[in-house]
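K.L.:
These came from TrEMBL, pasted as-is:
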| type | residues | note |
| --- | --- | --- |
| TRANSMEM | 20-45 | transmembrane segment |
| DOMAIN | 22-407 | domain 'Ammonium transporter AmtB-like' |
| TRANSMEM | 57-82 | transmembrane segment |
| TRANSMEM | 102-121 | transmembrane segment |
| TRANSMEM | 126-148 | transmembrane segment |
| TRANSMEM | 168-185 | transmembrane segment |
| TRANSMEM | 205-223 | transmembrane segment |
| TRANSMEM | 235-257 | transmembrane segment |
| TRANSMEM | 269-288 | transmembrane segment |
| TRANSMEM | 294-314 | transmembrane segment |
| TRANSMEM | 326-344 | transmembrane segment |
| TRANSMEM | 364-384 | transmembrane segment |
Amino acid sequence: MSTDFSVEDKLGLLENTIDYFWTQFAGIVVLLMQLGFAFLEGGCVRYKNMQSIMIKVYLNTCIAVICWWLVGYGICMGSGKFAGTDYYAGSNFAGTKNYSHWVLQTSVGAAANSIVSGGAVERMSIIGYCFLSVAFSSFIYPICAHWTWGGGWLQDLGYIDLAGSGTIHFMSALGALVLTVMLGARKNRWNEKYANEFNPSNTTYICLSTLSLYTCWIFFNAGSTTALSGTMAYAAGRATTNTIIAGASGGLTLMVLHYYKNRNEKSKFSLVMICNGNLAGLVAVTGSCDGIELWAAFVIGILGGLTYWGFGILMHKFKVDDPVDAFPIHGGCGLIGAQFPGWFNTEKGIFYGHGAKQWGIQLLGTVVWLGWSVVLHAVVIFVLKILGLLNVTPEVEEKGLDYAQCGGGGFDYQLLPPILSAGGYENVKSAINQKQNNVPQFGQDNDQQQVL
């Protein structure tokens, strides 16, 4: 039997190889977003809960991988209009694109799961969160992904959401919102006397995580093209460029807003606001980045920053304790991001004279995510509450999950071991404050030694 291949066959094989490698490589980089989420949430919480939230992010990564292997990928990418009916537990993968696509979809699913974890910080039990993560990765999110990308009914209607402004960010943030409301506020959260205790504990972590997420987000968006052959290289390049621009304009928007509001204060610049603005712009452009012009990406980043700012104010006004701003960033910006294909898409958007039909489809998808996510998350979280697996005890919350359940603090301050072990969080705070108070200030005799 001849083994000769025609030129067309060789070109086809080369194109498939490029596409599959691109998809798999993008999925590997997207998995690094979990590093970003771990440090972001760890930097936002109080020191006594830093390790516990990182444990939750790491656990939801492991859980997502196993759940997507067993059922999630089959539900997402299998045949069917409501849910997929094949590819469970890796069946029928051999000789297909499913190996590389599984890597991308699983990594994306883990990232979506980490958005929900933002509502769980400092007061949800680790075991309860694991059960919620299983439900999210096995059913809640894979169904949504199938409707949008796996041949489901919303995809048939023409719903556009390249990397999930609505399907991932808005839907997952609704889960985080339901979770944080049903958990209730942290003790003394809205007492002005203790306001400073709830400031982000480590802005360095937040900066590190945001830069990590910014980089990985490029592969999150551009990798969702799942191909580089033919004209898809242009789509991936367009998605990459628009992602970078929208993130930058979102960060600058929040810098300007915060500076204007605090221009007469010592805190006129805020690293946290710049980082959150960056993330807001990224979320807002995620659904439309492959089909818009560069100027639109710049505008979308600004609108994302403004939306985050507005939703943040509303959350504080209604005293919703969202420690990592999961809903203002992913929910508010995911909400508007889901609409942008109907406004700015060069082939179907209102701004290009194509009418409002596409926007109507985008609105339908938004309503679907709202109903599906709120109802399913509320049911699962209510069951956990009935089983006593939702909130930690008041004593554990007061002491901190790190010291009560995780063997100690998640950060080594180079303090003496007896200080760390004897009195827990309160002694750590006291030692840190004492250390800070003993640092010589400029103008003292030995300030030159401190500079050196």
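Glycine is no exception: its Cβ is also placed from the backbone N, Cα and C atoms.
Describe the structural context of each listed feature in the structure shown, including burial, neighbouring residues and relevant distances.
P.N.:
If you look at the transmembrane segment (269-288), the same-chain residues 6 or more away from its ends with a CB under 8 A from one of its CBs are 160-169, 200, 203, 206-207, 209-210, 213-214, 217, 220-221, 242-243, 246-255, 257-259, 262, 296-297, 300-305, 307-308, 325, 328-330, 332-334, 336-338, 340-341, 344-345.
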K.L.:
Any chance the transmembrane segment (168-185) and the transmembrane segment (205-223) have 3 or more Cβ pairs under 8 A, given the pairs are 6 or more apart in sequence?
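P.N.:
No, the transmembrane segment (168-185) and the transmembrane segment (205-223) are not in contact.
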K.L.:
Suppose I define contact as three or more CB-CB distances under 8 A, residues 6 or more apart in sequence; do the transmembrane segment (326-344) and the transmembrane segment (102-121) meet it?
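P.N.:
In this chain the transmembrane segment (326-344) contacts the transmembrane segment (102-121) - 3 or more Cβ pairs sit under 8 Å.
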K.L.:
When only pairs 6 or more apart in sequence are counted, do the transmembrane segment (126-148) and the transmembrane segment (235-257) reach 3 or more Cβ pairs under 8 Å?
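P.N.:
Touching, no - the transmembrane segment (126-148) and the transmembrane segment (235-257) miss the threshold of 3 or more Cβ pairs under 8 Å.
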K.L.:
Name the range, of those listed as 57-82, 235-257, 364-384, that has the largest tally of Cβ pairs under 8 Å with the transmembrane segment (205-223).
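P.N.:
Top-ranked stretch among 57-82, 235-257, 364-384: 235-257.
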